[in-house]
Amino acid sequence: MLWTTKGSLLIRPELGVGFLLLSFLGTGMLAVSTKLPQLRPPPCRPHQTSCHQATGLQMGILYLSLYLIALGTGGLKSSVSGFGTDQFDGNDPKEKAQMAYFFNRFFFFISTGTLLAVTVLVYIQDEVGRSWAYGICSVSMFSAILIFLSGTKRYRYKKSVGSPIVHIFQVLVASFKKRNVEFPSSIGYLYEDAPESSRILHTDQFRCLDRAAVVVEGDFPGANGAAVSMPPNPWRLSSVTRVEEVKMMVKLLPIWATTIIFWTTYAQMITFSVEQASTMERTIGGFMIPAGSLTVFFVAAILISLGVYDRVIMPFWKKWKGKPGFTNLQRIALGLVLSTFGMAASALIERKRLSVAKAAGPTTPTLPVSVFYLIPQFFLVGAGEAFIYTGQLDFFITQSPKGMKTMSTGLFLTTLSLGFFISSFLVSIVKRVTRTRGRQGWLADNINFGRLDLFYGLLAILSLINFVAYLVCAVWYKPQVNLKPVVEMENNKMGNGSMQAEERV
């Protein structure tokens, strides 16, 4: 669900409804296309030697449906969490404490939806029909629109102050133009025009960007004596607050880079684990568990981890340490540790499965080893996802400028997409390097002939190295203090920068 956030290009709440409508239309088109014979090719029977290909119209409707869903989902995901935090006042201790619970419960309900999708909807899709499953998604999305609209009068909205990307480039361009300008003797001479209530304290990191706030001759067009007739060109002169906002975004990048590997391991887990499960004993009584349905253990691990953390760990931590749970960086670290142990457990379990395959014969359709051996790796990586997702979400929203929440949320979501891209790249590299004449390498088409355990071991080593790099970045990172008003500081620091600028002019 998408709403107004300060600095976002999406200024009106109606645009949020627009993205919801896109998802509604996409799922609705899928429901209709799977129901009407004219919009889908005839089913391919087992005895048929050739199947009818989809027509251009049928493929066009399919792709249009998927693109509508993708566009709607992208718009929603990049803003819903930022808007949720806008409902809490960071200057109010009580509301700030409630915000800590928001991230956990936000992801808890997302995971609940995922659980319903991989269980109830999959069952309806297989036993009743795809059109019914997509139809339920459409009705659910339309219900979400109505629920959202019912609360529009109660939401807190923040006015847009322009594009955050433009603000970032303005600071970069201004600092580059003044790359040869000397720093003033005191930071009090740096330009500042932001209201005291929204100023950000100056920091010493990335001093090169401070040049954007150094006042030089010509920064105030039309200046005559002490009177400034026109505001400065933002591409030549930026305020300290604007520079600090850019610094805050730059400081996010090392943490951003060291969390990508988690989603790489996650991508491998949800793909190769299904292949592993398809070769193992999956029957309970007379019921065979579908290999793809084992992802429910991921979701179960997330729900259990979030529930325990929300109802047990956070209250305990608050009584013991006086803080509402772990910090966002601690949660990210815990998620990386759990995923590393998950990969190590996966390697050991796969070695066990391969030993059984060797004894029973690699061509045996179902190996005499229970699929429940995979549960430890599911729970370790799933619990890791619960902590790293909420930690990343909290970190990228609370440690970014108020005007760049939507942008920072998008930055967080890129770790997911890049993790999956790197996953595909890593698989192709491993296949190419380990494949030899007469052997298919670690990642064989039939995993009973491959060495998936070595691949999991490689991921565990990469995860461990990445965790060490993350610790270095986390120690280097200096959290931004709450955006408090800047005091005069004895008239020597960060006073009224505009008055000081006038004196220099």
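One is the number of the first residue shown, and numbering goes on along the chain from there.
Even glycines carry a Cβ here, placed using N, Cα and C.
Computed from a predicted structure; not experimentally measured.
Marked as transmembrane segment by TrEMBL: 55-76, 106-125, 131-149, 252-272, 284-309, 369-389, 410-434, 454-477.
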Criterion met for the transmembrane segment (131-149) and the transmembrane segment (106-125) (at least three Cβ pairs under 8 Å): yes
Residues of the parent chain within Cβ reach of the transmembrane segment (410-434), under 8 Å, 6 or more residues beyond its termini: 77-78, 252, 256, 259-264, 266-268, 392-393, 395-396, 441-443, 451, 455, 458
Top partner of the transmembrane segment (106-125) among 55-76, 252-272, 284-309 - counted as Cβ pairs under 8 Å: 284-309
Best-contacting stretch, by C-beta pairs under 8 Å, relative to the transmembrane segment (284-309) and drawn from 55-76, 252-272, 369-389: 369-389
Close approaches to the transmembrane segment (55-76) from elsewhere in its chain (Cβ under 8 angstroms; 6 or more beyond its ends): 1-2, 10, 16, 18-27, 29-30, 33, 39-41
